[in-house]
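S.K.: Next up is a structure, given as structure tokens.
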Amino acid sequence: MLFRLFTIPSIALGVLGSAATLPPREESANCRSVCCDAIVPSIFPSGRVGINCHWDELLDCGFSGQVDSCCEAIVPFGVKDGTGIRCSRRQ
């Protein structure tokens with residue numbers, strides 16, 4: 001039970017460390033369609049981040065119970081699932 005208290009913070013540090021390497025960009029310049037479980041405010045990197053996001057070309061987020069979003073990147077880099085960076089919810 002005690003190991004669970006330390007697992008989440010160490011995972012979060014790994015994600016934030018990866019996100020910190022993103023260069024500053026315009027908000028809508030590199031926006032791509034993604035599906036996320038939730039979009040939440042973030043202190044660093046500034047803006048909003050998406051939780052449990054994946055690239056979505058079919059735009060069927062509602063079918064899986066996720067939120068249709070637009071994010072600049074997903075970290076860690078090179079994967080299809082992860083934390084969305086600089087996200088916004090699509091209407």
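Residue positions begin at 1 at the first shown residue.
Cβ coordinates are placed from backbone N, Cα and C, and glycine is handled just like the others.
Because the structure is a prediction, the values reported are computed rather than measured.
Pasting the relevant annotations from Swiss-Prot:
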{"type": "SIGNAL", "residues": "1-17", "note": "signal peptide"}
{"type": "DISULFID", "residues": "CYS31-CYS70", "note": "disulfide bond"}
{"type": "DISULFID", "residues": "CYS35-CYS61", "note": "disulfide bond"}
{"type": "DISULFID", "residues": "CYS36-CYS53", "note": "disulfide bond"}
{"type": "DISULFID", "residues": "CYS71-CYS87", "note": "disulfide bond"}
S.K.: Considering only the disulfide-bonded residues CYS31, CYS35, CYS61, CYS70, which residue has the minimal Cα-Cα separation from CYS53 (disulfide bond)?
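M.R.: That would be CYS35, nearest by Cα distance.
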S.K.: If you count the C-beta atoms lying within 10 Å of each candidate's C-beta, which of the disulfide-bonded residues CYS53, CYS61, CYS71 ends up with the smallest number?
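M.R.: Each of the disulfide-bonded residues CYS53, CYS61, CYS71 was scored by Cβ atoms within 10 Å; lowest is CYS61.
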S.K.: Look at the disulfide-bonded residues CYS31, CYS70 and tell me which residue has the greatest number of other C-beta atoms within 10 angstroms of its C-beta.
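M.R.: Sorting the candidates by Cβ neighbours within 10 Å, the top entry is CYS70.
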S.K.: Do any of CYS31, CYS70, CYS71, CYS87 (disulfide-bonded residues) have a CA within 10 A of CYS61 (disulfide bond), and if so which?
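M.R.: The disulfide-bonded residues close to CYS61 (disulfide bond) (Cα within 10 Å) - there are none.
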S.K.: Measuring CA to CA, name the entry from the disulfide-bonded residues CYS35, CYS36, CYS87 that ends up nearest CYS70 (disulfide bond).
M.R.: CYS87
S.K.: CYS36 (disulfide bond) has how many other Cβ neighbours within 10 Å of its own Cβ?
M.R.: 26
S.K.: To the nearest Å, how far is the Cα of CYS36 (disulfide bond) from the Cα of CYS71 (disulfide bond)?
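M.R.: CYS36 (disulfide bond) and CYS71 (disulfide bond) have their Cα atoms 10 Å apart.
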